[in-house]
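Annotated features in TrEMBL:
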- 142, 147, 152: oxalate binding site (BINDING)
- 145, 147, 152, 195: Mn(2+) binding site (BINDING)
- 61-78: disulfide bond (DISULFID)
- 97-249: domain 'Cupin type-1' (DOMAIN)
């Protein structure tokens, strides 16, 4: 009887171990399936990220069904490479001074931006880069503005500049980053953020900027808000800025100088 009991007891333990082993195998299979599902999800998300729409190279590009009526693409139409010349990649064009020549800053802002983008160098098309020279007279200002399609990296060639940018509304929102730059200093303005450059000295200042788009675009805040065509509703601006209606009407009557050439 003792031998039989021991036999059945051993058999019972063996059966329990087999059941536990099967459960363990099932658990490993489930974990493996979850792991594979996670990998597949990450792969799908990555593929979707790379499959996003191309960045626009102008303010907008309205779809049209009739290709014969189309006059624009996202960027510029491409010249036949066989017809390209060295002049397609060169600046300045005839009868225009090079970037070594100071610009006239006698205007209300005391600054001039000389852009060198795809409009000036056709060969920049699709290359995602452009350049600008910025001249500042005494106390000259490149007013608060944004580049909707480009990050800007600026180097001061001559003089002193007080520069800065403001972050978006996310917490902590609208944080101001500023720096006083001297000749040889470099500063970066992230894409789309409002930024400015101001010459705090009586002497002139010169800076060069590289931008990460063939057509960065410029939105000067004051010009866009108070100088748009047609004007933005006075009621809208009065509520937005929480000022008297007469203040808004006065600002809308001003001539808002554009310092971009």
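Backbone N, Cα and C define each Cβ position, glycine as well.
In TrEMBL, annotation is done automatically, which means it is predicted and not curated.
What surrounds the Mn(2+) site, by Cβ distance within 8 Å of the Cβ centroid and not counting 145, 147, 152, 195, is the set 146, 150, 165, 189, 193, 194, 216, 218 from the same chain. Taking the C-alpha positions, the distance from residue 147 (oxalate binding site) to residue 195 (Mn(2+) binding site) comes to 9 Å. Residue 145 (Mn(2+) binding site) has a Cβ environment of 21 other Cβ atoms inside 10 Å. Looking at residue 152 (oxalate binding site) and residue 195 (Mn(2+) binding site), their Cα atoms lie 10 Å from each other.
In the predicted model, the domain 'Cupin type-1' (97-249) has a mean pLDDT of 97. The recorded positions listed here (61, 78, 195) include 195 as those with a Cα within 10 A of the Cα of residue 142 (oxalate binding site). Other Cβ atoms within 10 Å of the Cβ of residue 78 (disulfide bond) number 11 in total over all chains. Long-range C-beta contacts of residue 195 (Mn(2+) binding site), restricted to its own chain and to partners at least six residues apart, with a cutoff below 8 Å, comprise 144, 145, 146, 152, 163, 164, 165, 166, 189. Sequence-ordered, the extra residues of this chain that approach the oxalate site, with Cβ no more than 8 Å from the Cβ center of 142, 147, 152, are 132, 145, 146, 150, 154, 189, 195, 197, 209, 211, 216, 218. In the structure as shown, the Cβ atom of residue 147 (oxalate binding site) sits within 10 Å of 24 other Cβ atoms. Around the Cβ of residue 61 (disulfide bond), a 10 Å sphere holds 13 further Cβ atoms from the protein chains shown.
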